[in-house]
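Chemist: The following feature annotations were taken from TrEMBL:
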- B:12-35: transmembrane segment (TRANSMEM)
- B:69-280: domain 'ABC transmembrane type-1' (DOMAIN)
- B:73-94: transmembrane segment (TRANSMEM)
- B:106-123: transmembrane segment (TRANSMEM)
- B:149-178: transmembrane segment (TRANSMEM)
- B:208-228: transmembrane segment (TRANSMEM)
- B:259-281: transmembrane segment (TRANSMEM)
Amino acid sequence: MGSITLRSVSKVFGEAKVIPSIDLQINEGEFVVFVGPSGCGKSTLLRLIAGLEDVSGGEIVIDGQNATELPPAKRGLAMVFQSYALYPHMSVRSNIAFPLKMAGMDKGEIDRKVSDAARVLNLTDYLERKPRQLSGGQRQRVAIGRAIVRQPKAFLFDEPLSNLDAALRVNMRLEISELHQQLKTTMIYVTHDQVEAMTMADKIVVLNRGNIEQVGSPLELYRKPANLFVAGFIGSPRMNLIEGKFAEANGAKTVGIRPEHIGLSRDSGLWEGTVTIAEHLGSDTFMHIEVPDVGTVTARAGGEFGVRHGDRVYLTPDETKLHRFNDRGLAL
Amino acid sequence: MATTHTRSAARLMMAPSVILLFAWMIVPLGMTIYFSLLRYNLLMPGTEEFTGLLNYEFFLTDPAFFDALKNTLLLVGGVLAISVIGGILMALLLDQPMFGQGIVRILVIAPFFIMPTVAALVWKNMFMNPVNGLFAWLFRLLGAEPLDWLAVAPLTSVVIIVAWQWLPFATLILLTALQSLDEEQKEAAEMDGAGPISKFIYITLPHMARAITVVVLIETIFLLSVFAEILVTTNGGPGTQSTNITYLVYTQALLQFDVGGASAGGIVAVVLANIVAIFLIRMIGKNLEA
Ligand SMILES: Nc1ncnc2c1ncn2[C@@H]1O[C@H](COP(=O)(O)OP(=O)(O)OP(=O)(O)O)[C@@H](O)[C@H]1O
Ligand SMILES: [Mg+2]
């Protein structure tokens, strides 16, 4: 239960071709994350799967059944919205119970399921409250509760954490991952935050202008980005993309090297450069270094590497960790 | 703005308008109470004398009073029912995307801008007239005997006319409420398996509760004192069949020249309005709390 297949799905809004054509296979029980820059069509794709938008072409198959024409409720999917979309006039209990009530389940059964969900999500003490009397994180949990009671084939999340503060976001991230471990239900999760993508996903789908740039596990994308877009998008700080003589010497149009794969030294190395900015994060230091003929290179050093603006340092890229791209931006 | 200083400053600033409004209300009210205790008939000037509660006794034991009381409540209730239910339906309709939405909305609002007397006369002469009216023509077209609306069903006719005037107001308020309903909430309900009717009952209607309350309260205030529509159509008749309290007070004061009795009637109307207000606030006022 919970496999989803997209076959040349496309979506056009008036004149704008938001999604040209997408083929994607999502397996049962997978945690799939859609990432991409703002406006690339992540939400649109999710809403197409949910049935909240009609596809302009192609088909959506859920569990082997063609669901392209099915209304949202019949697809057996549950969605958690960015704004939570709780029903403000209902108590937490009624909110969570609503999909069950709509399904015509009997009262005792509903009560049992609601209290189960509330226990899993630590909401037992808040069941009689109204959504406006809850904190952001609690509201988020109610929205998730409303989704899990239905025991859907898959969960769809549209940037569910973007309204939360940083600390809470880390917490909720863990909770959602834990939930996935417990339920083993397929989850599709939209975010533009690559840390969320890297930490939660079994499979990441990188989108750009409505096209899939690459699909793979977080480490695959990190180790073997298929093209320049993915190389620049995955990893923080961004991969250094270097053109010119150094790239040609390596037989490529562009060469990429991640900041963490550059060796630093005070006395010798391949490149010599001047530190323009040093960001001390405690555990790490990120340095922006101006290297003649190469450009600005970002490099990572341990937290104790004491350099300041204007210091001279030597850099040595790890030859085995170079990423080479041709003139069309594809990996060689 | 919650320091002691700003609060007392605010009180000081508000004082003139509060005092003015209070005087504006209390002087006529005081005079009405005073007149209601007098034997005061315009046909017998100079014979005013204190009569205690005699005017009230006459007014409250007048059989016309009970008719008027019943008619007032029926009128208010009838118009509220039609304008709220009709308003919800109209708002739902106008909320659908359609061609020429802006113009249609303005047209729907139009009746609200028409003066009550004009509206009532239009209805009386162009719709309800048993010979020339549109309804009579329609009835004849269907082979039925035309109805003399204002004679056969006077109160119903007044209710229809007044409801026609208030429907746009209700529609407008309810439409704005409807438009402020969060799109994601509707989508969430859809995903949760709610059909159009469940969505209306569980999501839309509760969302509109506050707006409905506002409509009911505001309309009630005005509907308790409907007058012009009755004056130009039925004159309260036949008999007292379409006389409400306001109209009864008018007949006392200006047809029978009994100022004392009319004042007593006015005070009774004020008390009645307050009773209605208390009931309403008790019943639906909680919807207004944030
Ligand atoms: N209803 C619509 N009508 C017309 N264009 C739309 C509509 N919805 C989305 N779009 C367009 O489709 C594109 C993709 O939108 P979408 O909401 O899917 O982006 P997104 O990837 O979710 O971005 P974000 O990260 O900012 O949420 C955007 O360019 C947007 O302008
Ligand atoms: Mg989005």
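Backbone N, Cα and C atoms are what each Cβ position is placed from, and that goes for glycine too.
Each of the listed features needs to be described in terms of its position in the shown structure.
Modeler: Sequence-distant contacts of the transmembrane segment (B:149-178), counting only residues of its own chain at least 6 positions beyond either end whose CB sits under 8 Å from a CB of the stretch, comprise 71, 74-75, 78-79, 82-84, 86-88, 90-92, 94-95, 105, 108-112, 114, 116, 119-120, 123-124, 127-128, 130, 133, 135, 204, 207-208, 210-212, 214-215, 218-219, 222-223, 226, 229-230, 233-234, 237-238, 241-242.
Sequence-remote contacts of a segment are chain residues at least 6 beyond its ends whose Cβ falls under 8 Å from one of its Cβ atoms, and for the transmembrane segment (B:208-228) they are 72, 75-76, 79-80, 83-84, 87-88, 115-117, 120, 158, 162, 166, 169-170, 173-174, 176-178, 244-247, 250, 269, 272-273, 276-277, 280, 284-285, 287-288.
With a cut-off of 8 Å between Cβ atoms, the residues of this chain six or more beyond the transmembrane segment (B:259-281) that come close are 29, 32-42, 51, 55-56, 58-60, 65, 69, 72, 76, 216-217, 220-221, 224-225, 245-246, 248-250, 252-253.
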